[in-house]
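Okay, structure first, notes after.
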Amino acid sequence: MSDAKKLAAEKAIDYVQDGMIVGVGTGSTVAYFIDALAAWKDRIAGAVSSSEQSTARLQAHGIEVIDLNAAGPLALYVDGADECDGHKRLIKGGGAALTREKIIAEASARFVCIIDPSKQVDVLGRFPLPVEVIPMARSLVAREILRMTGGQPVWRDGVITDNGNVILDVHNLSITDPVAMERELNQIPGVVSVGLFARRPADVVIVGGQPPRVL
Ligand code: 5RP
């Protein structure tokens with residue numbers, strides 16, 4: 001799959017333009033994108049990063065990392081996903097960076113999602129849905145998620161997000177209405193963000209292959 005990830009990531013460079021501040025996601029597919037973006041470092045104004053991990057890789061390539069508050073609205077955000085349905089709605093957060101990813105996606109005019117073919121699904125939910133939670137609310141939120149969805153929340157033990165929070169991965173979901181589930185889970189006190197990107201889906205999906213497919 002790493003070849004497919006690399007091919008998708010390199011195709012996303014087609015969307016980068018001179019002078020841009022590029023929004024950059026997190027994960028192994030995005031790592032290939034950052035490596036490809038290095039060739040553009042003197043042509044772009046910099047990048048807004050969604051994680052400490054991506055920040056380190058961007059800076060290692062000499063790409064300036066800019067705070068989102070200073071950057072303002074972005075023209076382009078490039079990120080991976082754990083699942084993608086036929087409406088370009090996503091599950092994200094396998095790398096625990098979902099909250100910052102969602103903020104940058106919201107701030108961006110165009111969200112280009114880069115995936116390998118294994119991420120394409122008819123119905124979201126085979127991949128356990130990540131939910132970022134304030135630590136003291138972990139048990140409360142887990143009980144509420146079980147009651148509301150019937151899914152089984154599992155604490156991602158040992159993982160602390162860049163925001164100092166914890167992750168619950170919700171197993172055994174079949175998400176037939178992702179917009180409604182995103183809205184409802186967001187209402188639980190203690191939930192910071194839900195790894196469903198349905199209200200703001202991707203605009204373009206690039207599926208890695210020879211050649212890459214642009215959806
Ligand atoms: C991180 C994410 C990633 O985009 C997602 O986990 C995909 O990762 P990878 O490109 O390594 O398969 O949402 O929070």
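Heads up, the Cβ atoms here are built off N, Cα and C, so glycines get one too.
Copied over from TrEMBL:
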{"type": "BINDING", "residues": "T26, G27, S28, T29, D79, G80, A81, D82, K92, G93, G94, G95, K119", "note": "substrate binding site"}
{"type": "ACT_SITE", "residues": "E101", "note": "active site, proton acceptor"}
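Sitting within 8 Å of the Cβ centre of T26, G27, S28, T29, D79, G80, A81, D82, K92, G93, G94, G95, K119, and not among those site residues for substrate, are the Cβ atoms of G25, V30, A97. A gap of 8 Å separates the Cα atoms of E101 (active site, proton acceptor) and T26 (substrate binding site). Here the binding-site residues are T26, S28; the one with the fewest Cβ atoms within 10 Å of its Cβ is S28. Only T26, G94, in sequence order, out of the binding-site residues T26, G94, K119 have a CB under 6 Å from ligand 1.
Around K119 (substrate binding site), a 10 Å sphere centred on its CB holds 25 further CB atoms from the protein chains shown. Less than 8 angstroms from the CB of D79 (substrate binding site) sit G23, V24, G25, T26, G27, V30, S50, K92, E101, I104, A105, F111, V112, C113, I114, each of them six or more residues away in the same chain.
A 10 Å cutoff on Cβ-Cβ distances gives K92 (substrate binding site) a total of 30 other Cβ atoms nearby, all chains included. Annotation: E101 carries the greatest number of neighbouring Cβ atoms among the recorded positions A81, G94, E101 [cut-off 10 Å, Cβ to Cβ].
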